[in-house]
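In what follows, a structure is listed as structure tokens, so that the remarks can point back to it.
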Amino acid sequence: MIKLTHISKVFQQGSRTITALSDVSLHVPAGQIYGVIGASGAGKSTLIRCANMLERPTSGQVLVDDQDLTTLSEGQLTRARRQIGMIFQHFNLLSSRTVYGNIALPLELDNTSRADIKKRVNELLDLVGLTDKQDAYPANLSGGQKQRVAIARALASNPKVLLCDEATSALDPATTRSILELLKDINRRLGLTILLITHEMDVVKRICDQVAVISEGKLIEKDSVSEVFSHPKTPLAQQFIQSTLHLDIPEDYAKRMSPEPTVDHVPLLKLEFTGKSVDAPLISQAVRRFNIDIGILSSQMDYAGGVKFGVMLAELHGDVQDGLAAIKFLQDHHVKVEVLGYV
């Protein structure tokens, strides 16, 4: 549905040349939710703006529904954009218009009849759960309600594609979850293709089918969400994944933790499980096989792309050599083991 091929974008700022995107290629299949994740300044927003030609690439090809947008005239591009909805971080609603009026605006600009506008707007109000807010103004809405209005407005022309530019970044966690569930529901019910950019792996984890990681304008990793979470290939992908698992070392442990082993201290381990290692009884097997004890301080498990993954903080008690053998056993079974210190 969306094919970006060898996209590069160069900006000139006085005598400076800034390369925002460098030879980026990705394919978003019809009906899928595709996430692009990266840190601030990585080129995410430039990439998504190239997808509907709000930003014209310096080089490369943009195909949406098999139509090459880079070859179109301004008039042709305006018509093509009717098949591409877009929502933004800051909603961009018209403060002088009601919820109904904001959603109706694209249809009015397209000279749709008043009866058809009313029918379509009422359908969209029902879809986004705002039937009781049609006469309200943006100033009287919460952030989540404003984004729901923006989503409804983006869907007014029955687009085949929805672009989401950091659509949940300005929202609190609970509201973020509700907006993500709405996007997932819209994708499922309408078969809508969604390309979203974000700096939060939690967003990717919750709703995306595939993910690409962008850094300094280059696409450094892309695959299904389950594959990236199970077998991240780049340090940046690993960093984003770790950010979704929030396990802190207890304060009393942190105070007494030593970076070097001593006689009366034991290793404090961070264990990361992905894929099949999550369900396997590896801890109990290691305890029995190597005559050690493992004291679990805390653990967390989650899902991404249908695959379970988890993290655990644990103390390792026993003979040093037995402990090293146990660590190797866990590593051989695809558990990432990190010695955080000695407590």
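Cβ from N, Cα, C; glycine included.
From a predicted model like this one, the values you see are computed outputs, not experimental measurements.
In the three-state DSSP scheme, G41 (ATP binding site) is classed as coil. Summarising the annotation, Swiss-Prot assigns ATP binding site to G38, A39, S40, G41, A42, G43, K44, S45 and lists sequence analysis as the type of evidence.
According to Swiss-Prot, the domain 'ABC transporter' annotation covers 2-241.
Listed in chain order, the residues near the ATP site other than G38, A39, S40, G41, A42, G43, K44, S45 are I197, H199, I214, each with its Cβ within 8 Å of the site Cβ centroid. By neighbour count, meaning other C-beta atoms within 10 Å, the densest spot among the binding-site residues A39, A42 is A42. In the structure shown, the C-beta of S45 has more C-beta neighbours within 10 angstroms than that of any other entry among the binding-site residues S40, S45.
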